[in-house]
């Protein structure tokens with residue numbers, strides 16, 4: 001009874017704090033000059049992380065199994081993993097740029113899981129025989145940690161694509177503007193305006209903006225590669241441990257279950273990403289496009305298959321009960 005009450009309290013505290021954190025995050029995105037507000041936002045993230053940690057530990061003690069037996073617990077663990085990645089980047093002093101990508105991932109995942117929209121998901125029960133194994137902690141934790149790292153790394157790559165394409169759009173717009181000027185003015189007027197524009201451009205902060213954009217793209221590319229590489233390692237360990245567990249539970253290492261198939265597709269996509277990274281001529285945009293495809297595949301594997309509730313992994317199916 002005590003652990004059940006504690007779990008209930010931690011759930012409501014974490015959801016209340018994350019609601020405030022969402023508001024602070026939106027404000028910090030609009031007004032970057034408020035340093036104290038950003039510090040409050042980060043403190044809220046840390047408090048929420050410890051609440052989620054307490055929630056997972058409480059469920060572990062109360063239900064006497066590692067809290068990764070259903071979709072609700074995996075969502076909480078996924079959000080907890082997002083918080084870890086966010087705090088690692090924060091401690092690495094990447095708070096100004098990368099935290100604006102990792103923070104929403106943690107906030108909205110945790111907010112969705114604890115919002116009360118899904119009233120029956122958080123009711124744990126006795127594990128089915130297939131889940132009563134020591135491989136539960138090893139396999140599922142590695143898979144969810146891998147999903148979290150791959151999703152965060154893919155989001156960094158998607159941001160890289162957006163910045164790159166924005167630069168190309170601006171370049172196209174600038175060329176069209178120059179073409180219109182050539183059609184509207186005489187040669188002497190164009191020469192005068194070009195010289196004047198060059199002087200103004202040399203005095204303007206445009207070069208600094210281009211340098212900042214280049215630095216940001218390099219930073220996003222660097223961290224997306226590192227985070228995706230870490231996620232790929234977790235995913236590989238998760239798939240291998242899952243194969244061993246499947247052999248113990250079902251008598252076969254691989255059964256081409258929908259969850260297994262999509263996990264293999266996810267692994268293949270990010271293996272292609274890492275292979276592309278070995279070629280310097282295909283880095284940045286090309287690898288980011290593959291990461292974007294992988295981002296969509298992960299959600300199909302993690303969430304889409306659960307919506308169908310089919311296959312040997314149907315115990316993690318999605319039960320929606322509107323309040």
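Backbone N, Cα and C define each Cβ position, glycine as well.
Where the annotation comes from TrEMBL, it is an automatic prediction and has not been curated.
Straight from TrEMBL, the features:
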TRANSMEM  12-32  transmembrane segment
TRANSMEM  44-62  transmembrane segment
DOMAIN    68-313  domain 'Cytochrome c assembly protein'
TRANSMEM  74-91  transmembrane segment
TRANSMEM  138-165  transmembrane segment
TRANSMEM  223-246  transmembrane segment
TRANSMEM  261-276  transmembrane segment
TRANSMEM  288-312  transmembrane segment
- Item | Most Cβ pairs under 8 Å with the transmembrane segment (138-165), selected from 44-62, 74-91, 223-246, 288-312 | 223-246
- Averaged pLDDT score, the domain 'Cytochrome c assembly protein' (68-313): 77
- Message: For the transmembrane segment (288-312), give me same-chain residues lying six or more residues beyond its boundaries with a C-beta closer than 8 angstroms to one of its C-beta atoms, as numbers and ranges.
- Response: 71, 78, 130, 147, 150-151, 153-155, 157-158, 160-161, 164, 221, 224, 228, 246, 250, 255, 257-259, 262-263, 265-266, 269-270, 272-273, 276, 318
